Each structure stands twice: as C-alpha cells, then as structure tokens.
C-alpha cells in the first residue's frame, strides 16, 4: 500500500440506496458512476473497472467503504479472485483519522459517517455536518472530536413512502421550486412540507447546538434551503472523505 504509485483511484461508497464509484486523479473527482444498491451486480463494477483501465492506462487502486455487508463481501471476493489485494484499501473504524472517536464507540460508527467527518476535519476543528440520503443525518465535530450524531428517516424515503400509500397521489413528483409556506392544493402543500422538514431539521439542530460552527451539507436537494442557513455544500462528501482516510493511512 505504501508503495502504490497509481494516480488514478477508484473510490467506492456503498450506501443503502446507491452505490457510487468515483474516479479520482490525485484529489480531483473526474468521473462518477452511480448504481441503485438493491440492483447492483459485481459484473457492473467489473465492466466499469475495465473501461476506466483502458481509458486512463494506469494501474487502478481501489478505496472501498460500505454500510451494506452483503455488497462488501462481493467486492472482497472480486478482489481475491483477481489478485488485487495489493491494490485495495478497506475503510473501517480502526484506521488513523484526522479526528478522535471515543474508544468505546470503535466498530459502531457507520463508515459513511467517518468519511464525512474526515472531510470536514481536514478543513476545520469544529463543524456541523448534514447528510441527506436514505437517512437524514447530523454530525457534530468539536475540537477534532466526534461528539455525536442525530439520525432521522430520510426525507425522500419518507415522502416516497407517503406517496406510495396515498392512491390520489400516484405519479406525483416533488418539484421543489418557488415553494410558498401556505398552500391551497395538495401538490403545493406537499412541496412546502418537504422544504420545511428539511430547513427545520437543519435550523433546529443549529439552534439547539448553540454554536457558530461551519455547516457542511451533502446529498439531497437543497435548491430551496433557507437563506438564513449559512453553509457549504460539498457534493459526494463521503467519497472525498474516504479518499482522505486512505491518504492518511498509506
């Protein structure tokens, strides 16, 4: 691992909803591929791997992080079958990080949360980090310590579940544009509900945290985020954090 000279890294983030593969040249994300996790087959990755290898003519190094054990095992089998052990790095709770995790919590924290925290800790000692995906997550970084998390059902997941159970809402899609607070029809009322859930989740946590820490947001749709919320949007923060964890340990 220490002698790996490949400039091209395939960084893989396996989440509950999506599996993302980022192609990085040094620290720059130059290509992104995304699959729905529930339908993923290892042959999809094998084909993508071959295409990237043919395109960039570099030995490829794989950085892998997952919150789905069954998918992780498929990749471990692929690596073993193709003799790629020396070009593979597995994210876990026991690696060197740029922030501290309580000893008693090691092994209990999702790898995706570690990735997001690593990214933020490279920029600041204190931060509030919000991740919007299958779950809505808030993370607290204080003095380069992982101080806690809040996890709620993901908003897209919750709304899709609502829509699936309401017969009159079949085919409805959230547009999330120019949303008024109060509305007189179901579609606009749902749009408002979605936006207020999102803004309320963020604003309430910032308020209760009683801090002026920098706010990082990743995932989901933030097109109508309240202008009162000063924040930095970081696309694919987990992928970028996984790469930083690898670089700290190589």
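Glycine is no exception: its Cβ is also placed from the backbone N, Cα and C atoms.
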Which one of 124, 134 goes with 13, 14, 15, 16, 17, 18, 19, 20 at the ATP site, as Swiss-Prot has it?
134
Integer Cα-Cα distance in angstrom, residue 113 (substrate binding site) to residue 15 (ATP binding site):
11
Sequence gap of 6 or more, C-beta under 8 Å: which same-chain residues meet both conditions with respect to residue 134 (ATP binding site)?
15, 16, 17, 154, 157
Pick from 15, 110: which of these binding-site residues has the biggest number of other Cβ atoms within 10 Å of its Cβ?
15
Give the sequence-ordered set of same-chain residues, not counting 13, 14, 15, 16, 17, 18, 19, 20, 134, with Cβ within 8 Å of the centre of the Cβ atoms defining the ATP site.
37, 67, 68, 133
In DSSP terms, helix, strand or coil for residue 111 (substrate binding site)?
helix
